[in-house]
Amino acid sequence: MALYVQKFGGTSVGSVERIKAVAEKVKGFRDQGHQIVVVVSAMSGETNRLIEMASQINEEPTPREMDMLVSTGEQVTISLLAMALHQLGVKATSYTGAQIGIRTDSAHTRARIQQIETDELRADLDEGKVVVVAGFQGVDSEGNITTLGRGGSDTTGVALAAALKADECQIYTDVDGVYTTDPRVCAKARRLESITVEEMLEMASLGSKVLQIRAVEFAGKYNVPLRVLSSFEDGPGTLITADEEISNMEEPLISGIAFNNNEAKLTVLSTPDVPGVASRILGPISDANIEVDMIVQNVAPTGGYTDFTFTVAKNDFRQTQRILQEQVIPSLGGGEVRGDDKIAKVSLVGVGMRSHAGVASRMFRVLADEGINIRMVSTSEIKISVVIDEKFLELAVRSLHTAFGLDKADVSEEH
Ligand code: ADP
Ligand code: ASP
Ligand code: MG
């Protein structure tokens, strides 16, 4: 008998029929004698629908009311799933995040879980009940409902698995595992048997939305065995493991390709090349709570002027442009602002890079052969990211996928 936390995403609970199918699946595990905690998301499209309604009323609603609003999506699915389980003769109780004691800080819309109470959960499980928990939400010390950021139900699942020391946290979704890249963009993408926590963290932070990054962080920190599987068909899925030996038996150079077209690029041209300029540019941006991702500063010819380029989320593009125009340029005493929100970031990820030189030059050659211009580059030990024009995104992903031997048909690189 094992204890599993099973999270079902939006598409998996996207209709009454699908909720019934989830109940059947959960019943199958109960019938084998396992203890089950189920975490569900809102029905697919529901969170977006709620956000859209809010935007029709107020361009900047207070974060507290946003959380009050968007947390309702999950309350619908927990109750329907509990009802579907009852219908199959399975004992089950649904709980909101607050009811089950998922305590978070007060950072509305991006709260962090601080503590989870497990007494009630354990009591229910010991009585043979399936516990159905609303993903994505918690409660702060004042009793306000909070949410954990988009895709946050993954984090609820992993955090519950950590708190309960579950045997495995299973993330059921609309693909049958973690792929070498998004299978919706590259038909030749291949499911990975396993991937290291470290690589999955990079993939998630660089744009692969199959798992929320905080869920992967939790899994790494608390050693939670984590698996991504299909809701719709049986299969082994992908294991996310701390063990590089398991994950990289064939030591592939690259494990996956992540991409993100949710960023915009800003350049301050002709800034004086003197100490303090970078901080004068980025200070007001960070004061406005805008997160900066990639940063590039050109080397200036002696005694001259330089260009300073950085990226922010597309949502923050207009505001960043305004801050640069109104605050930064006057404080620098000159310069010119250029912006581009039609960019994409494509990243190669793999622990194999540590022991192999030449990944970057190979990447640049592949992109050059396709006539794709590289606008920015950033590297770390296990990843290389380039910023390119958005219109080349799919071409870049597919040609890199082939060039680095990740295509499905290439059995020699299978691992
Ligand atoms: P859920 O609603 O179940 O949480 P998401 O839509 O958040 O599902 O995440 C699953 C989606 O992630 C897939 O449909 C796929 O398009 C996308 N995805 C992006 N990168 C990858 C990848 N490397 N492997 C698998 N899926 C990926
Ligand atoms: N419903 C939330 C969202 O759409 C949380 C989740 O699905 O994980 O972001
Ligand atoms: Mg998701």
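Glycine is no exception: its Cβ is also placed from the backbone N, Cα and C atoms.
On a predicted model such as this, the values are computed, not experimentally measured, just so you know.
As recorded in TrEMBL:
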BINDING   Lys7, Phe8, Gly9, Gly10, Thr173, Asp174, Tyr179, Arg184, Lys209, Val210  ATP binding site
BINDING   Thr47, Glu74  substrate binding site
DOMAIN    266-351  domain 'ACT'
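Projection of TrEMBL feature records onto the structure.
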residue: Lys7; record: ATP binding site; Cβ within 10 Å: 27
residue: Gly9; record: ATP binding site; Cβ within 10 Å: 24
residue: Thr47; record: substrate binding site; Cβ within 10 Å: 24
residue: Glu74; record: substrate binding site; Cβ within 10 Å: 30
residue: Thr173; record: ATP binding site; Cβ within 10 Å: 23
residue: Tyr179; record: ATP binding site; Cβ within 10 Å: 26
residue: Lys209; record: ATP binding site; Cβ within 10 Å: 14
Integer Å distance between the CA atoms belonging to Glu74 (substrate binding site) and Gly9 (ATP binding site): 10
DSSP-derived structure type at Thr47 (substrate binding site), helix or strand or else coil: helix
Listed binding-site residues adjacent to ligand 1, that is, members of Lys7, Gly9, Thr47, Thr173, Tyr179, Lys209 whose C-beta is under 6 A away: Gly9, Thr173, Tyr179, Lys209
DSSP helix/strand/coil residue counts for the domain 'ACT' (266-351): 31 helix, 34 strand, 21 coil
DSSP state at Glu74 (substrate binding site), helix/strand/coil: helix
Cα-to-Cα gap, Tyr179 (ATP binding site) vs Glu74 (substrate binding site), nearest whole Å: 27
In three-state DSSP terms, the structure that Gly9 (ATP binding site) belongs to: coil
Reported mean pLDDT - the domain 'ACT' (266-351): 91
Distance, Glu74 (substrate binding site) to Thr173 (ATP binding site) (CA atoms, angstrom): 16
Cα-Cα distance linking Thr47 (substrate binding site) and Lys209 (ATP binding site), given in Å to the nearest integer: 16
Entries of Thr47, Thr173, Lys209 (binding-site residues) sitting next to ligand 2, with Cβ under 6 Å as the cut-off: Thr47
Binding-site residues whose CB lies under 6 angstroms from ligand 3, from Lys7, Gly9, Thr47, Glu74, Thr173, Tyr179: Gly9
